[in-house]
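Written below as structure tokens is the structure these notes are about.
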Amino acid sequence: MGFRVLVLIVMVTTSALPFTFSEESGRSPFRPALRSEEAQALRHGLTLLLARRADGQPSDMRQPEMRRPEMRRPEVRRPEVRQPEFAESPVGQKRWDVNDCIHFCLIGVVGRSYTECHTMCT
């Protein structure tokens with residue numbers, strides 16, 4: 001989120017930086033070259049983004065279905081981690097315990113927290 005705001009601020013700032021020389025008397029010799037609808041839209045978007053951030057609302061103002069496909073989070077089907085029954089363990093092998101379950105849950109599935117893994121394994 002912070003990176004997007006920084007990029008937007010840089011875009012708005014750099015859009016106002018290109019200057020053209022103005023030879024009109026009584027005016028500053030430099031004036032912004034870019035006073036387009038695009039610059040106004042960027043400023044308006046930044047204002048809305050900062051206002052939403054101050055209100056604690058999500059930063060993306062568009063509906064999820066209107067986002068570009070690369071911006072959508074892929075739906076990942078996570079395999080169910082379960083504790084095997086005692087009967088499934090071959091004789092002579094160590095029985096699967098809660099700590100092993102939590103360990104493999106944490107390293108095997110990206111994005112799971114310790115609390116999620118503990119809840120699933122117990």
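Glycine is treated like the rest: Cβ placed from N, Cα and C.
For 1-22, the entry in Swiss-Prot reads signal peptide.
According to Swiss-Prot, the region 'Disordered' annotation covers 53-91.
According to Swiss-Prot, the compositional bias 'Basic and acidic residues' annotation covers 62-85.
Secondary structure from DSSP puts C121 (disulfide bond) in a helix. Of all Cβ atoms in the protein chains displayed, 19 besides its own lie within 10 Å of the Cβ of C121 (disulfide bond). Sequence annotations record features per position, and here Swiss-Prot assigns disulfide bond to C101-C121 (among others) based on similarity to another entry.
The annotation disulfide bond is assigned in Swiss-Prot to C105-C117 (among others).
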If one measures from the C-alpha of C117 (disulfide bond) to the C-alpha of C101 (disulfide bond), what distance in angstrom results, rounded to a whole number? 8
